[in-house]
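Novice: This is the structure I want to talk about, given as structure tokens.
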Amino acid sequence: MSPDPATTLPAPRELAPGIVPVGEAPGVEAAVGLGLTRDEYALVVEKLGREPVQVELAMFSLMWSEHCAYKHSKLLLKTLPTEGPALVLGPGENAGAVDVGDGWTVAFKVESHNHPSAVEPFQGAATGVGGILRDIFALGARPIAVLDALRFGEVEDSDRSRFLLDGAVRGIGHYGNSIGVPNIGGDVYFEGPYETNCLVNAMALGLLRQEKLMLSAATGVGNVVVLFGASTGRDGIGGASVLASAELGEDDADKRPTVQVGDPFEEAKLVECTLELLDKGLLESVQDLGAAGLTSSASEMASKGEVGLDLDVALVPRREAGLEPFEVMVSESQERMLCVVTPDRVDEVIAITDKWDVHGTAIGVVTDSRRFRVYDGDALVGDMPVPALVDDCPLYEIHPQKPAGGPAEIYPAPVARIAGGTPVRDALLALVGSANVADRRPLFEQYDPVVQSRTVRRPGQADAAVLMIPGPAGRRAVVGGLAGPTDIAALEAAEGSGPESGAPIPGVGVSIDGSGRRVAADPYTGTVWNVLECAANLACVGAEPLGLTNNLNFGNPEKPHIAWQLTESVRGLGDACRATGAPVVGGNVSLYNEGTTGPIYPTPVVGMVGKVPDVTVTAPLGFQRHGDAIALVGSFAPQLALSELAKLEGRALPDGLPAWDVERAVAGIVAVREAVRRGELSSAHDIAEGGLLVALAESAIAGGFGATVEVQPFAVDGDARASLFGEAPGGFVVSAPRTVLEALAGQVPVTILGEVGGGELRVRCGGETAVATLDELRDAHGSLARFFA
Amino acid sequence: MRVGVVQFPGSCDEVDALLAAERAVGAGNAELLWHRDRDLKGVDAVVVPGGFSYGDYLRAGAIAALSPAMESVAAFARDGGPVLGICNGFQVLCEAGLLPGTMLMNVGRRFVFRQVELDVVAADTAWTRATRRGQLLSIPAKHQTGRWYAPDETVERLVADDQVVFRYAAGDNYNGSSDGIAGVCNAARNVVGLMPHPEHAVDPLTGSADGLLLFRSPLEAAGVA
């Protein structure tokens, strides 16, 4: 079917001296319209030795955008710890990766799709999932899980937030369910500052053998550049610069054409095709096309390989007629991949892409020029030094300044929903039913958590998701390929790893978290807290952190108070990474998250992956056994100022959070993890929004067992309310036989509170007794269902 | 006994089905069958798996029903070979005319994942011989277009002819299927389709092992077990 390659493969072209690209230079005003500053434009002119023509200006404006160049955050990100014993691949590639043992590697990354989702939530969220999955399989890893972190305005008051929530959840489900990658968890928060600028962050994990890891550097002068996947259209043009690198305004409906449209079926074929090409060793390198399309992926491949590229846009398959060369270069049409292939393998590569109906086309060639040359047939339409495009964007120092009036100067107090001093029982039911605490099941039951047969702990069962690694599918794929018969029994006999062998079944625990409100109150301490919370979630399933990925969602960094939030948050992230032993393996920065009502809460979202030595030994979050003792475990010093209760009472953000002892919090996390790994705990749940009493209620609801507890006020000043509803990192609610808890008290603070049993949660604290039946708690907890009716 | 699992572009659960079949019939005794191949490689039973074959464009299962592999599967079924359709595979078998009924969008018009209880109504089909009538199986269901529908007279005839194989237990018919029907068989009882996913219920570690009974059933039919 393929024509004779000798006549059709693109070859390097001779360029006579003095030849410059055809076409007029659009000029500095056009550059400013595309998001470049006048100084940046002048620098482009200096690097080129002339004014850029249209294709060049379009490419520079994207490559030098905040989204691609990280020009306001790169200097800060350099301070983060990126080394760890399990690290396989750190920041700079499509995703990071960690060693999970036995030669298996887990690649993972979180990425945002905030502004597209704020404009068109279904497609914005769907393509957010599609994009992060491509980052994963571009490394040669099979995507094995998706998680998401969502932030919306106050869903109870806002039609817009209900619309965005519904659209984003449907979009995530549509893409992930259709492509056969399980969605294993996530978090969602509802806060006023996200009203017009919602956040949609998607995280994906992939699995591969370490020796199969594929990097993106283009190598080998004379090698052929092949584009495969969907054809190229006008969708998403300028997405990176127009949408992702500017604040949102009133006229954003006009930006809808800059949102890409996703097709999970196309991506499902692309996954299988890419993995087959890599499995057969046919590719020199591969890269997905994401933000800034062909421009970004091709120039980054050339930059990493220290080579040049000649690309002919006339060879790029189109889905519509009349595309200009610059449109082809910047289109963000989804479900496309770019690979570099030696000339003798092009036919075989194209045959495999044909098998999967993602037809490959040779569109260019690797050169030694270190220049990115774009042709339209015979006409040269762009000619730029690769380093100028990729590396020479100016980096900016930001100028942090703490707002004099504290966070209340920026963020209005939330709407009061209950009166101060509401009795404990009523406050508990209000909290359990409040949007930030209510059961997430109405969201996550719109996602498939079990496909691929690895999921040991689904959403709602434990504080973190648990996957078997490699799981039966992964092991079978490695042993003989999935197309042919394989003797798994023989392999398992050799490894002693069969399901009946009783040998440990290894896996990973995964969690994603990141409350923005605590970071708004105190960017440094709040960010440390977010990282500790992820580590605490992992501890509940016996997982030890291997690495983390982060998505820094912030406002406009050119404003001093946002610069302060960003600087302090990154400092907290670094310190927390060091404290928990989880290096940053990669991530994403999303700036300019400001709507018509001001900036979002600063929201560093943390996704953490940890090693579980045996997935048969993890603790669920729900109580399991009548008669188990219940204890508060860990170093826990709760305060009401930033609590969910304070929010319900309409209190403004406090200016700063009290410092707590991070080392003691980490010691508690480690002690719980080890107790879970020993199989001693019936249940484990970290105390988060709503404090101790809500955590008790959640364990009761999840397990279907009531509890009777007596809490001696332990918070600062012996305050009963702060003890029940205050928040801080480091605390866990666990249940186990009393003797186990007494033994645990030798390693970590343990306060036995009461006992599992009955059909109600009965709490006595500071002279007040509160009782709620399991049915009352469940009814309150199910409050989000009404937004999906 | 060897089991073939048909693989379409857009299939999602084909590897899970393959692994589930292997648990029942032994490692190495299950293989994938490519949608463009008419050759069923001499397998003794066929599973049409879940997913979104051909993107579910046009109508769920409609394009897959016309694939070369399905031509061979239809002939295999007419000759009495055991064929199991799961979720999208059930949709494909209905579209191919091998099973009665059709699939509509769930009453809630959303994709829903839920662990449901299935009531075994007929324990004498090729795929339920290892179960007991009235047995409750805990099996996950996950779909957006899973509301099995047939006109009342068809439902009455299927009930009379004992072609209803599974019903959702009380409270679990979230998609709104006619008469709570979760799975049906053909008149010859060798072709069975159901919306929930037995291949995702083959290991207590991942939730339940009840689904394994379906994959063991063809062995009993063949007199192996």
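Just so you know, the numbers here start at 1 and follow the chain as drawn.
Backbone N, Cα and C define each Cβ position, glycine as well.
Feature table excerpt (TrEMBL):
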ACT_SITE  B:Cys87  active site, nucleophile
ACT_SITE  B:His197  active site
ACT_SITE  B:Glu199  active site
Novice: In Å, rounded, how far does the Cα of B:His197 (active site) sit from the Cα of the residue listed as 'active site, nucleophile'?
Specialist: 7
Novice: Including all protein chains shown, what's the count of other C-beta atoms within 10 A of the C-beta of the residue listed as 'active site, nucleophile'?
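Specialist: Within a 10 Å radius of the Cβ of the residue listed as 'active site, nucleophile' lie 29 other Cβ atoms.
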Novice: Return the residues near B:Glu199 (active site), defined as same-chain residues 6+ apart in sequence whose C-beta is under 8 angstroms from its C-beta, sorted by sequence, else 'none'.
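Specialist: For B:Glu199 (active site), the qualifying residues are B:Asp13, B:Asp16, B:Ala17, B:Leu19, B:Ala20, B:Ala21, B:Val47, B:Pro49, B:Gly50, B:Ile86, B:Gly211, B:Phe215.
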Novice: So, three-state DSSP: helix, strand or coil for the residue listed as 'active site, nucleophile'?
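Specialist: It is coil.
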Novice: Using a 10 Å cut-off, grab the number of neighbouring Cβ atoms around the Cβ of B:His197 (active site), all chains included.
Specialist: 28
